[in-house]
Amino acid sequence: MSGEKHHIVPYRLYFVVLIALLALTFASVWITSIELRDYTVAAALLFAIVKSYLVLNYFMHLKYDKPYIKIMVGFVFAIFLVMIVITFLDYLYR
Amino acid sequence: MEHAHHVEHPDMYDAESSKVGMWLFIFTELLLFGALFVIYAVYRYMNPEAFHLAGEELNRVIGTVNTVILLISSMTIAMATTALQKGQRNVAIALVSVTFVIGLAFLVNKYFEWGVKFSHGIWPGSEHMMNEMSHGEVLFFGLYFVMTGLHALHIIIGMAIMVFAVRGLVRGKVHPDRPSLLDNCGLYWHLVDLIWIFLFPLFYLIH
């Protein structure tokens, strides 16, 4: 995985991550079914972000990758965030 | 496929650059879906009522089942990379095969889900959609079919890559010292999972 040093992720860790992801999924189903009004979208997205963090770090091995790959991934998400912010600034203030 | 290219030229094999190449490709995919998410966000912002109404039409149960299915498949293919590193080739083959079957189950679910929509007269450009739905609802279902359809296409491509990964494992071209094809197959599958993690709440959960 990470260059010359092969970090072998134990099966057990993957299983634990899966359990966490399933728990977060059911939690997000539950939290969006109760009436939160404007916070429903925020709550659902928050759960999705935590889930994607787990998938990126453990399933996609980013946690064990060299820093430059992590920085690249972070950079892409930053670009995406900027794209959203700029789009909404445009719609909110036109 | 670039990974196959590496497999055929042993001297040029470089696990690190294979991985970086795969990540660069994943970035383009993220921005492709990212643009669609931005479109969704803007249309939702402009048509909150219609998106609310249209969202009620989607079946939460099927959406949740497909989420669970996809998360489990992500675990099995991640475990396959561990199996290969441990030198357990047959376990790796079995795990990728299981992932393939789970991917198929996702598509079967999607088939029935879309089938129900079609039987209600809801498909892009359908008479029901054009005459009886508001502009916002048409936008919602347009995005629903494009985004879940594009996602399903990625599932099919991911499953095709799995066939190559299994073939590589069986023929011994993918082994503990040359795991890139299987690793990148896994990365691609996790990307598909990652996209679904956002599609699911945006279409099925937020009403």
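Just so it is clear, glycine is given a Cβ too, placed from its N, Cα and C backbone atoms.
Keep in mind that this is a model prediction, so the values were computed, not measured.
As written in TrEMBL, here are the features:
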type     : residues  : note
DOMAIN   : B:1-207   : domain 'Heme-copper oxidase subunit III family profile'
TRANSMEM : B:20-43   : transmembrane segment
TRANSMEM : B:63-84   : transmembrane segment
TRANSMEM : B:91-108  : transmembrane segment
TRANSMEM : B:138-166 : transmembrane segment
TRANSMEM : B:187-206 : transmembrane segment
*Same-chain Cβ contacts of the transmembrane segment (B:138-166) under 8 Å, 6 or more residues past its ends?*
1, 3-4, 29, 33, 36, 39-40, 43, 47, 50-51, 54-55, 58, 77, 93, 96-97, 99-100, 103-104, 106-107, 110, 114, 117, 122-124, 129-130, 174, 181-182, 184-185, 188-189, 191-192, 195-196, 199, 203
*Positions whose Cβ lies under 8 angstroms from the transmembrane segment (B:20-43), at least six residues beyond its ends*: 2-3, 51, 136, 139-140, 143, 146-147, 150, 154, 183-184, 187-188, 191, 195, 198, 202
*Local confidence of the prediction over the domain 'Heme-copper oxidase subunit III family profile' (B:1-207), expressed as mean pLDDT*: 92
